[in-house]
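Since the structure comes first, as structure tokens, the remarks are kept for the end.
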Amino acid sequence: MEFVTNYTLEELKKRFTELGLEPYRAKQVFRWVYKKFVTDFEKMTDLGKKHRELLKEHFAFHPLEKLDRVEAPDAVKYLFKTKDGHILETVLIKERDHYTLCVSSQIGCAVGCTFCATALDGLKRNLSTAEIIDQYLQVQQDLGEEKIRNVVFMGMGEPLANYENVRKAVEIMVSPEGLDLSKRRITISTSGIVAQIKRMAQDPVMKEVNLAVSLNAVSQKKREELMPLTKTNTLEELMEVLKNYPLPKYRRITLEYVLIKGVNDSPNDAERLAKLIGRHKKKFKVNLIPFNPDPNLPYERPALTDIMKFQKVLWKYGISNFVRFSKGVEVFGACGQLRTQRLQLQRV
């Protein structure tokens with residue numbers, strides 16, 4: 001069985017033609033799925049019965065099964081199961097005047113960040129385009145009349161290690177015939193795969209979305225301890241490619257910095273971060289993320305006073321920054337936590 005959501009519009013037109021259907025039928029199906037969020041061929045009233053029966057023989061819509069939905073005042077965490085039995089998570093974040101969806105791009109992760117619950121179980125596989133898009137569709141269907149405005153690839157996995165499937169998902173998200181989201185409303189968060197960031201810079205689809213980079217340390221040694229990936233993607237190489245990254249007008253690259261007590265949260269660390277950014281401060285903004293405690297990880301969140309001291313140093317150098325406390329702490333909202341809890345229960 002194929003999934004409609006694995007195809008761009010042009011790909012679906014070609015596939016429909018192979019099945020003996022007129023190409024414009026693909027546009028009709030796209031309209032039902034991405035404008036009305038209808039995922040049942042029987043409800044697509046502008047398709048004849050013969051066409052609906054043919055499509056039902058070949059296509060389905062949902063590669064994911066919703067296992068759980070856990071709600072907190074500021075977020076809703078969803079657990080999904082894939083057809084081959086893997087568990088992934090998605091978080092709907094309630095902002096003041098809109099909703100942001102945090103999607104996963106892989107089952108587990110190979111980057112191995114020592115402060116991340118997703119890394120505990122290793123990488124199982126990439127998610128397909130359909131599995132990425134289905135996270136959006138099922139959450140939007142659950143949401144009803146209110147609409148998801150922003151999408152951030154900040155869930156499980158390294159998006160740039162699943163480049164082709166993530167790219168196609170982004171293409172569907174920004175297509176006028178697809179979800180028609182603004183490119184300014186989509187963010188790709190990466191641990192810093194230098195070659196793939198260079199690829200993004202040359203990609204007509206990907207270079208238009210927002211780029212966020214998980215930095216987390218201001219020295220190569222410390223970054224290697226926290227993020228093993230950096231052994232082959234050095235801090236020096238990363239900052240060089242970021243400083244030369246072509247940005248759309250009025251955009252900045254977000255440097256994500258998880259603050260961990262006694263590890264990377266001192267005023268001296270902040271001074272070194274400011275020095276790392278140097279004269280390129282108008283190109284970057286810093287997202288300070290206090291570590292979200294996890295019983296499976298050996299780290300602690302810094303005191304609020306230490307967080308404020310760190311922030312004050314960055315302001316001193318004129319570096320735009322903000323503190324983001326994890327949404328959904330009550331529902332194990334940090335990356336991988338609810339999934340890890342579920343997997344542990346399954347093993348008991």
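Backbone N, Cα and C atoms are what each Cβ position is placed from, and that goes for glycine too.
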Per Swiss-Prot, Gly157, Glu158, Ser214, Leu215, Asn216, Asn292 bind S-adenosyl-L-methionine; matching candidate in Ser189, Ser266, Ser320: Ser189
Students should find that the Cβ of Ser189 (S-adenosyl-L-methionine binding site) has, within 10 Å, a number of other Cβ atoms equal to 22
In terms of DSSP three-state secondary structure, what is the assignment for Glu89 (active site, proton acceptor)? strand
Residue among recorded positions Glu89, Cys102, Cys109, Cys116 with Cα closest to the Cα of Ser189 (S-adenosyl-L-methionine binding site): Cys102
Determine, to the nearest whole angstrom, how far the Cα atom of Asn292 (S-adenosyl-L-methionine binding site) is from the Cα atom of Cys116 ([4Fe-4S] cluster binding site). 9
For Ser214 (S-adenosyl-L-methionine binding site), write down the residues of its own chain that are at least 6 apart in sequence and whose Cβ falls under 8 Å from its Cβ; none is a fine answer. Cys113, Ser189, Thr190, Ser191, Gly192, Met227, Glu256, Val258
